[in-house]
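Annotation comment: Swiss-Prot describes 1-188 as region 'Enoyl-CoA hydratase/isomerase', evidence class sequence analysis. The feature site 'Important for catalytic activity' is assigned by Swiss-Prot to GLU118, GLU138. Look at Swiss-Prot and you will find ASP295, ASN499, TYR659 tagged as substrate binding site, backed by sequence analysis. Marked as region '3-hydroxyacyl-CoA dehydrogenase' by Swiss-Prot on the basis of sequence analysis: 310-716. Among the features that Swiss-Prot reports, NAD(+) binding site is placed at MET323, ASP342, VAL399, VAL400, GLU401, LYS406, SER428, ASN452, with the record citing sequence analysis. The annotation active site, for 3-hydroxyacyl-CoA dehydrogenase activity is assigned in Swiss-Prot to HIS449 on the grounds of sequence analysis.
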Amino acid sequence: MIYQSPTIQVELTADKIARLCFNAPGSVNKFDRETLASLNAALDVLKDSDAKAAVLTSGKDTFIVGADITEFLALFAEEDAKLMEWIAQANVVFNKLEDLPFPTVSAIKGFALGGGCEAILATDFRVADTSAKIGLPETKLGLIPGFGGTVRLPRLIGADNALEWITTGKDQRPEDALKVGAIDAVVAPENLEAAAIQMLNDALAGKLDWQARRARKQAPLTLPKLEAMMSFTTAKGMVYAVAGKHYPAPMAAVSVVEQAAGMSRAEALVVEHNAFIKLAKTDVATALIGIFLNDQLVKGKAKKASKLAKDIKHAAVLGAGIMGGGIAYQSASKGTPIVMKDINQAALDLGVNEAAKLLSAQVARGRSTPDKMAKVLNNITPALDYAPLKDVNVVVEAVVENPKVKAMVLADVENVVADDAIIASNTSTISIDLLAKSLKNPARFCGMHFFNPVHKMPLVEVIRGKDTSEETVASVVAYASKMGKTPIVVNDCPGFFVNRVLFPYFAGFNGLLADGGDFAAIDKVMEKQFGWPMGPAYLLDVVGLDTGHHAQAVMADGFPDRMGKSDKDAIDVMYEAGRLGQKNGKGFYQYSIDKRGKPKKDVDPASYTMLAEAFGAQKAFEADEIIARTMIPMIIETVRCLEEGIVASPAEADMGLVYGLGFPPFRGGVFRYLDTMGVANFVALADKYAHLGGLYQVTDAMRELASNNGSYYPKA
């Protein structure tokens with residue numbers, strides 16, 4: 001051993017090949033400050049040793065997952081000069097790796113992402129095993145690569161390929177990385193290190209020109225001027241079409257690669273550093289890094305819960321159709337066999353067909369095979385009676401959203417399943433404590449609220465009733481995680497968390513329409529300016545105005561002081577006219593099927609006529625007022641949920657909003673949005689609209705936080 005630290009060990013073989021092994025104490029390797037300092041010291045030792053070549057490897061199942069993102073928010077709060085010092089020093093280390101006086105190779109297994117990918121780019125050769133995933137995901141955090149990724153990758157695989165990698169932030173499979181020249185070989189895991197050392201021996205024997213490889217990475221890009229101009233112009237258009245104005249990092253990446261194309265390594269790195277620092281200081285980066293950290297927190301809680309959980313080996317869903325079929329597909333495709341029970345054969349057929357349709361789409365996209373599809377379908381057992389449920393560990397009730405029907409079904413199933421089987425209800429609004437009254441043992445009962453479409457929406461709300469045991473909660477959280485979902489635990493109340501905060505937003509929208517607002521103009525502002533994937537009118541059409549009408553009544557009963565209403569609103573107008581939204585072709589908008597078989601929406605003059613009859617002449621509203629009147633009620637209700645303990649933390653609330661409702665990720669969720677705006681500024685804005693009713697009244701705790709210049713997340 002010629003060098004040893006807690007994170008890196010370097011040993012020299014008899015053939016004078018140095019083996020630099022990343023092996024941090026935790027479960028993964030990452031480039032935190034300690035590891036960067038260790039790498040710097042290790043490279044100094046290597047340079048002065050009698051090594052003839054070096055292989056970079058990992059003592060973990062994965063190579064390096066990237067920089068330590070937990071350090072980012074505090075680091076990015078530093079002054080620009082401090083941030084420049086950190087990034088410049090990191091690049092001194094990576095340059096030192098690239099400049100070693102002998103050939104180098106990376107032996108890559110598992111993830112080599114972000115800084116991990118930039119480390120392998122600094123070596124002369126790269127060998128990956130079949131488990132490898134390589135990529136530069138920094139744009140997903142509102143950043144660009146900062147350890148030389150925008151400099152080395154374009155010179156290695158060409159500007160077009162590099163920009164696709166960097167601007168999408170996608171992980172690359174080893175075979176795809178090999179095709180474009182990002183790596184030099186793909187081998188079986190058991191042959192990885194031997195193949196890497198063979199490559200070094202070939203370089204030492206003159207069969208591979210490691211110096212030419214290195215020189216190419218450090219030289220300007222070789223692109224004719226006209227071709228370069230066309231290439232970067234095209235890239236900007238394509239990237240902006242996807243990223244839009246709210247996500248500046250992908251466009252910044254294109255500009256950096258373009259600006260640095262004709263520069264040396266040293267000059268190009270300065271361009272990268274400056275752009276990185278500028279992005280690191282944006283609210284978008286803070287929001288996206290916050291989402292990443294919140295996601296880790298939620299998943300960490302789920303992992304902890306799994307230690308208390310029952311082992312779910314076999315599941316059941318009651319109620320087939322689209323929702324039941326989606327739950328069955330999700331469970332079976334992630335390895336948990338499931339019984340799908342319904343009283344109606346046609347509903348069972350619909351559920352199985354829904355699962356088959358989703359699996360066929362996976363096969364068509366090359367993400368699955370016919371054999372895997374058959375295996376998943378074999379894991380779904382349709383049933384018209386309860387007999388196959390006697391051995392299941394968990395039952396998810398997903399029948400019609402009617403408390404009497406649900407109570408009857410829950411009582412029936414409790415008499416069939418094992419005494420220790422868990423029973424969960426997929427309800428969006430009905431009180432878990434109310435439903436629990438139909439059970440003899442409410443301790444094994446909780447809510448498990450999936451979002452539609454099940455296969456696309458990542459969130460599951462796990463709702464704890466007053467009698468629900470911790471083992472039940474932990475087991476359902478573990479099952480949701482096993483299904484590939486992100487579970488958040490919330491306490492029981494009308495609407496639980498997500499729907500409770502959604503309907504005040506709809507109330508704000510209804511208020512605007514009652515005052516003469518144009519629903520299409522409101523949608524445009526909320527989509528294009530605020531950043532929602534759908535505006536409120538379009539969202540109501542997709543959810544279904546019958547569903548919205550029912551849920552709104554539940555919320556009004558639950559919170560009459562704030563959500564009760566005496567006058568007819570726009571949802572009532574549409575519902576009473578039989579306009580149910582996308583499901584029957586007319587809601588606020590009218591719908592037809594386009595050439596690709598997808599629903600196409602158009603403004604319907606009949607909607608405007610009905611709304612004018614109900615509320616009078618149309619009136620134009622400024623974008624700021626539209627945003628304020630829709631968002632203030634949602635924000636205050638979200639804060640109330642935290643204060644009442646419905647949701648445990650700002651992080652979990654924000655993840656619920658982003659994953660359950662599509663809250664704009666670049667804003668980070670309600671609590672990140674509040675901190676960015678300043679709680680005092682929000683309180684002042686809400687007070688301006690306080691005359692609109694209880695939904696616009698901030699809480700006393702919010703006022704106190706505002707007066708103390710406080711925040712919901714710790715200040716960096």
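Just so you know, the numbers here start at 1 and follow the chain as drawn.
From the backbone N, Cα and C atoms, a Cβ is placed for every residue, glycine too.
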Exercise for review: Report the same-chain neighbours of VAL400 (NAD(+) binding site): residues 6+ apart in sequence with Cβ closer than 8 Å to its Cβ, ordered by sequence.
Suggested key: GLY319, LYS406
Check your understanding: Counting other CB atoms within 10 A of each CB, which of the recorded positions GLU118, ASP342 comes out lowest?
Key -> ASP342
Point to revise | GLU138, MET323, ASP342, VAL399, GLU401, SER428 screened against HIS449 (active site, for 3-hydroxyacyl-CoA dehydrogenase activity), Cα within 10 Å - retained recorded positions | key: SER428
**Study point:** Nonlocal residues around ASP295 (substrate binding site), in sequence order (Cβ under 8 Å, 6 or more apart)
**Key:** THR486, MET655
Check your understanding: Which number gives the other C-beta atoms within 10 angstroms of the C-beta of VAL399 (NAD(+) binding site), all protein chains shown included?
Key -> 23
Study note, to complete from the structure: Quick note, VAL399 (NAD(+) binding site) and ASN499 (substrate binding site): C-alpha atoms separated, nearest Å, by 19
Review point. Could you give the Cα-Cα distance between ASN499 (substrate binding site) and SER428 (NAD(+) binding site), in whole Å?
Key: 7
Study note, to complete from the structure: Taking all protein chains shown into account, the Cβ-based neighbour count within 10 Å for ASN452 (NAD(+) binding site) is 15
Review point. Once the chains shown are all counted, how many other Cβ atoms turn up within 10 Å of the Cβ of GLU401 (NAD(+) binding site)?
Key: 16
Study note, to complete from the structure: Nearest by Cα to GLU401 (NAD(+) binding site), of the recorded positions GLU118, GLU138, TYR659, is TYR659
Practice item. Would you give the longest CA-CA distance, in whole angstrom, between residues of MET323, ASP342, VAL399, VAL400, GLU401, LYS406, SER428, ASN452, the set recorded as binding NAD(+)? Key: 20
Check your understanding: Cα distance, TYR659 (substrate binding site) to MET323 (NAD(+) binding site), nearest Å?
Key -> 18
Exercise for review: Within 10 Å of each Cβ, count the other Cβ atoms, then let me know which of the binding-site residues MET323, LYS406 comes out lowest.
Suggested key: MET323
Exercise for review: With an 8 Å cut-off on Cβ-Cβ distance and a minimum sequence separation of at least 6, pull the same-chain contacts of GLU138 (site 'Important for catalytic activity'), or say none.
Suggested key: GLY114, ILE144, PRO145, GLY146, GLY149, ILE166, GLY169, ALA249
Check your understanding: Any idea what DSSP makes of VAL399 (NAD(+) binding site), helix, strand or coil?
Key -> coil
